[in-house]
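Per TrEMBL, these features apply:
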{"type": "DOMAIN", "residues": "21-258", "note": "domain 'NADP-dependent oxidoreductase'"}
{"type": "ACT_SITE", "residues": "Tyr48", "note": "active site, proton donor"}
{"type": "SITE", "residues": "Lys73", "note": "site 'Lowers pKa of active site Tyr'"}
{"type": "BINDING", "residues": "His106", "note": "substrate binding site"}
Amino acid sequence: MQTIKLSNGVEMPLLGYGVFKVAPDECERCVGDALNVGYRLIDTAQAYFNEEGVGNAISKSGISRQDIFLVTKVWISNAGEEKAAASIDESLRKLQTDYIDLLLIHQAYGDVFGSWRAMEKAYRAGKVRAIGVSNFQAGRFYDFAHYADIKPMVNQLQCNPLVQQQGIEPLLAEHNTKMMAWGPLGGEGAEGVVNSELLASIGKGYGKTAAQVALRWLMQRGIIAIPKSTHIERMRQNIDIFDFSLTDEEMKSIAALNRHDTGTVDFGDPKLVKFLIETYG
Ligand SMILES: NC(=O)c1ccc[n+]([C@@H]2O[C@H](COP(=O)([O-])OP(=O)(O)OC[C@H]3O[C@@H](n4cnc5c(N)ncnc54)[C@H](OP(=O)(O)O)[C@@H]3O)[C@@H](O)[C@H]2O)c1
């Protein structure tokens, strides 16, 4: 598996498996399948309510803990130094481990600087090997990274051929922050990526699907990706992307698919912000 080096020297796999919307009672089977297929990076979150399933699958897999890269995220309701610190211990308990490889602030709302202080402490204490953020759009990211003591090592954003996120790249580079793509296939119900005629026609030449081309495109941009599937055949398909390369021309033609919009979620939409704060704040 190809890896990428974070700013603190920690190496993480470039491709992993995500478990958003994987039901708690199905999660153990899915993560078990993903590990069997060869994934070694697993992305979960406190808000997915399936950290226990991830922990069970890892502990039953027989794979050494150090060979797995485990990512989880602090949810909005746990924002603030004390609550975030307690939530990290709770995540460790649910995941049945004494360290998390990468811990992210899930969304940029609430007392994120308080959460960050708790995460920095956990990092210095060895409970976490790397820390970062998620869904911090350009301006929010820049402000946060500027004032944070330890700079975020990762920003996990929606990124795929329709939502390409090139605009934030220089700001991430300035802070040596790596991009990690959620929704790399367009997410549930977003058919645009896996049904793209352009991606399918490029894939045809390599015996690959549109989904594989989309993931390969992210790999060649140096972006970490965590596709989700509950189906083992698709898990196999999504990891089988390291035996072909897209040409510069193909990379350019995919760049033209960018819709230049916020993707399926606009984190700056006041209605969404109000809803999240009222529900979880
Ligand atoms: N930080 C955040 O706020 C955030 C938000 C969303 C997601 N995430 C993370 O990112 C991960 C991936 O994002 P996502 O789950 O939203 O979307 P995604 O991985 O882009 O797409 C998942 C959807 O694509 C389908 N699919 C998977 N492989 C396929 C293939 N080869 N061909 C056709 N369809 C395929 C899946 O269906 P089946 O399962 O039926 O195969 C599912 O409906 C999540 O699981 C989560 O870990 C993070």
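Cβ atoms are placed via backbone N, Cα and C, with glycine included.
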Cα separation, Lys73 (site 'Lowers pKa of active site Tyr') to Tyr48 (active site, proton donor) (Å, whole number): 9
For Lys73 (site 'Lowers pKa of active site Tyr'), the number of other Cβ atoms found within 10 Å of its own Cβ: 25
Intrachain C-beta neighbours of His106 (substrate binding site), sequence separation six or more, cut-off 8 angstroms: Ala45, Gln46, Ala47, Lys73, Val74, Trp75, Ile76, Ser134, Asn135
Tyr48 (active site, proton donor) - helix vs strand vs coil (DSSP): helix
DSSP-derived class (H/G/I helix, E/B strand, else coil) of the residue listed as 'substrate binding site': coil
Stretch-averaged pLDDT - the domain 'NADP-dependent oxidoreductase' (21-258): 97
